[in-house]
């Protein structure tokens, strides 16, 4: 993986010609000595081990027998590898793990699509049109960015109950879909699009909707992808809300479902780690592919905030 | 760029709009912006604006989910929370203390360690992007996986951590998840492990925006590495530090999953955080008026803290 994820800032940089006067032990690209480089890598490796070891232990335990999972000294390679932890978990009707996985994917995708559609449509007029109430609407949206989410917990529970959405995926898809952050984030970007592009389209006879769909959205792929990834991750990992609005084991999302494993499998460590592994491997693989965009998105949204 | 030309040969129903647009391209139909805004505002109004107000209204009523009528009680719910001998007041402030303690313990670590990490990652070396991804990875797993995993790792009898401690000669098992102060060390440690990559990335973006010329100027003035850090990096990073501080305080004050999954609020509710208690009162006991009152108190406190952050750091700037 290390070789494929070249950072544009560092590795693809053309090699600087070596200055003859410079001391040969210094790397001209970084200005760091050999000892410094070794020290840097040593620190990075130690930190990486600290970060990754728990995840490897999770994976390793999921392939152990119950006895091997608690044996001392700790065994990193399962002495008698087995998938019993997984089969025990899959055999339990009270823990329909694949169903939870499917629920999480469906909820995450629907939520993300809704966030992107509503936030981009709302951000467009706020960024590019003049109309009565524009300032007020934008101010209201920004103001809610400062209100902590738990304030909405009780009232939203009652609203969702009133709509008959308790124990359905709509309770997870819709209420959080009005992303004030998303609108704020996209307004910033839309404002940077040159006005000439829009004016040209207007004169060509396009209406606002056509300009939005054919000019603005295609130019906004990067911020839309960022917002989409952050929305999906947020939905995928949401814990408190699904814990309280879903009851039926069939309806649970992965995070809420995993919380029920804790009690039911108190001492069956391989089964619990199998559940954790199933929940984390897909998202880690996805992250490996899109990590550049996720990280860039976090960095960008962080600075804009 | 080609979109402008593809939009041109619009036919049929658009023909009328074309004529109108050519006449006054800068003044579209007056209701157009509201149509764009409508879907967002529908959801925003229903699940953000209405709840923000109705929560306040709930907090002024004895709003029990199971009661047929919910009488208006004025500020009674708030008064109850400030009545020292009321059980709910004791429990509420105990949970606020837990949240406060977690904020005080975790925020400095979550400010300092990620900054160090970001400085490390801001160097030029091969595989920088790879290491960045490694440090960020735990964050994408979510609190439920983190909770399950660390409950196993920190298990007093069979956990990996105590397993290694035993090998190092620590004969007595450390009660990581069942006794103070160990519970706090565990909750803070797990949170740092889980989220430090997130803050590092925000810092890193800030570091990459610092103008190299400033470092060159400092070097010319004879500043060493530490002086460069204090006189260039920190001042240049101030807006980013303010942002990270505000976000981290809010995130720590919202702590719920770690306590719920790792310690279940134990020992004797000492790690039951404010959010955990609010959820218990509101969504398990269904005393929602009271829970709403607690939410507003906590929210006011957090908004005040964020405002202080801004004032304090802005003042330093000027």
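From the backbone N, Cα and C atoms, a Cβ is placed for every residue, glycine too.
Residues or ranges marked as compositional bias 'Polar residues' by TrEMBL: A:1-10.
Annotation comment: TrEMBL describes A:1-29 as region 'Disordered'.
Taken from TrEMBL, the feature compositional bias 'Basic and acidic residues' applies to A:20-29.
The transmembrane segment feature in TrEMBL is assigned to A:33-57 (among others).
As annotated by TrEMBL, domain 'ABC transmembrane type-1' applies to A:101-290.
Here the transmembrane segment (A:105-124) has long-range neighbours at 141, 169, 172-174, 176-179, 182-183, 185-187, 190, 208, 212, 216-217, 220, 224, 227-228, 231-232, 235-236, 253, meaning same-chain residues at least 6 beyond its ends whose C-beta is under 8 angstroms from one of its own. If you look up TrEMBL, you'll see A:105-124 (among others) marked as transmembrane segment.
The transmembrane segment annotation in TrEMBL covers A:136-158 (among others).
TrEMBL lists A:170-190 (among others) with the feature transmembrane segment.
Long-range contacts of the transmembrane segment (A:211-233) within the same chain, counting only residues at least 6 positions beyond its ends with a Cβ under 8 Å from a Cβ of the stretch, are 108-109, 111-112, 115-116, 119-121, 124, 128, 179, 182, 185-186, 189-190, 193, 197-198, 201-202, 290, 293-294, 296-298, 300-301. Annotation comment: TrEMBL describes A:211-233 (among others) as transmembrane segment.
The transmembrane segment annotation in TrEMBL covers A:269-290 (among others). The list of residues near the transmembrane segment (A:269-290) in space but at least 6 beyond its ends in sequence, with Cβ under 8 angstroms from a Cβ of it, reads 1, 55, 58-59, 61-66, 69-70, 82, 84-86, 88-89, 95, 97, 101, 229, 236, 254-255, 258, 261-262.
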Remote residues contacting the transmembrane segment (A:170-190) - C-beta distance under 8 A, at least 6 residues beyond either end: 107, 110-111, 114-116, 118-120, 122-124, 126-128, 138, 141-142, 144-145, 152, 156, 159-160, 163, 216, 220, 223-224, 226-227, 231, 234-235, 238, 241-242, 245-246, 253, 301, 304-305
